[in-house]
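Everything on this sheet refers to the single structure shown next.
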């Protein structure tokens with residue numbers, strides 16, 4: 001086991017004889033066989049589980065709210081002619097399985113329920129990120145994954161008990177999910193070499209899109225065949241099954257990992273030798289408040305997640321209402337933008353690291369360029385959606401393109417906090433999550449209000465507002481965004497309240 005002096009000696013040796021480049025080449029050949037890439041894949045699985053639990057209510061709520069079928073419809077099959085056909089009994093059994101409680105929830109109530117996941121998340125990210133940064137993310141993330149998965153199993157019972165209990169359960173579940181989404185970035189402070197930071201974080205982050213894809217693809221089918229409660233039972237169970245995988249395989253520091261090779265450990269440690277990654281107990285709050293580069297990231301987070309949460313919550317509803325798709329087809333069509341986005345997130349991370357490692361573009365140029373691409377093009381596409389609603393193929397093409405291009409932000413402003421203040425990654429990620437969840441609490445509620453006022457022009461107003469918010473955040477980030485470590489984030493500088 002390496003000690004502090006040993007690590008420093010190794011750094012000195014490699015710095016003097018140039019072996020860092022050799023170690024880098026050896027580790028790069030391993031690709032996804034390296035421990036750090038294996039860690040990214042495990043985090044991808046965790047994000048997959050969390051986002052299936054976030055999205056399952058969005059895909060199930062059209063089945064939970066049945067405003068079109070008359071009350072007597074479940075008994076309509078009794079009017080059929082009597083037959084001994086096996087197909088008839090199979091169909092009857094299928095309809096019986098699909099029968100589940102339907103609730104009389106207005107669009108406003110649905111918007112509140114969909115937003116409730118974020119209501120309890122305003123204060124949780126900051127302490128979660130701070131604790132993960134100081135004590136390590138292993139147990140913070142693992143506990144959050146288990147709590148969120150366990151509570152998912154009880155959503156059908158909460159819905160039967162009443163809207164209030166369902167909202168409370170989703171609030172608690174949102175707090176647990178914040179522990180996962182916030183704490184995981186503290187791991188990359190000690191595991192991600194600067195030249196691989198974008199690809200490792202995007203591989204892990206792509207689990208969010210992959211989870212959304214799977215739950216949208218399978219959710220509608222599950223609702224139609226065995227009933228909407230099983231959407232929560234199945235994906236909650238998957239999350240619980242992931243927990244035993246997390247605890248024995250995850251370590252906060254590569255120095256302590258029992259399976260990592262000496263070459264990979266040396267490469268990671270030496271790559272981060274010039275970067276102050278030691279967690280800071282004392283927070284330079286006053287300097288953070290005055291930091292325009294930090295505010296640029298905060299504003300960008302709020303604006304980009306405004307659009308993200310709107311799309312995530314209302315894509316199934318838009319497809320089912322505007323395209324008149326049934327529940328199964330709505331789930332399949334809603335899944336397409338997310339699977340393409342999952343692929344593009346990883347490709348964007350690889351491209352960003354390629355441009356940086358080959359010194360084609362500076363880091364700040366990469367961050368701003370990828371953010372601009374990920375904001376401008378999707379905004380234009382979404383604003384154009386109401387004018388192509390008569391064409392189903394064009395509508396789906398626009399939705400897929402919007403999701404694919406917006407994924408470039410994951411290698412832009414959304415990862416920029418790792419560049420400017422690695423010492424305070426956990427705390428800053430928690431602070432950023434607060435802004436993201438504020439957007440997540442407001443945007444679906446606002447969308448539900450617009451849609452309830454006018455179903456046709458309501459969607460147009462939703463897309464116009466989302467585009468305006470997104471572009472305003474981009475302008476602020478382009479003006480004030482930076483990628484160098486800030487003075488207040490260096491060990492020598494401490495400013496206290």
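Every residue, even glycine, has its Cβ placed from backbone N, Cα and C.
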If one consults Swiss-Prot for N-linked glycosylation site across 47, 470, the residue flagged is 47
Swiss-Prot record, transmembrane segment, of the ranges 149-169, 254-274 the matching one is 149-169
Of the ranges 125-145, 461-481, the one Swiss-Prot annotates as transmembrane segment is 461-481
Of the glycosylation sites listed (47, 56), the greatest number of other CB atoms within 10 A surrounds the CB of 56
Near the transmembrane segment (230-250) in space but 6 or more residues beyond its ends, with Cβ under 8 Å, are 38-39, 42, 45-46, 49-50, 52-53, 56, 59-60, 138, 141-142, 145-146, 148-153, 155-156, 187, 215, 219, 222-223
As a whole number of Å, the Cα atom of residue 47 (N-linked glycosylation site) is distant from the Cα atom of residue 56 (N-linked glycosylation site) by 14
Among 149-169, 398-418, 461-481, the stretch with the most Cβ pairs under 8 Å to the transmembrane segment (292-312) is 461-481
Sequence-distant contacts of the transmembrane segment (332-352), meaning Cβ under 8 Å and at least 6 residues beyond its ends, amount to 59, 198-203, 205-206, 209-210, 212-214, 216-217, 220, 311, 315-316, 319, 323, 325, 366, 370, 396, 399-400, 402-408, 410-411
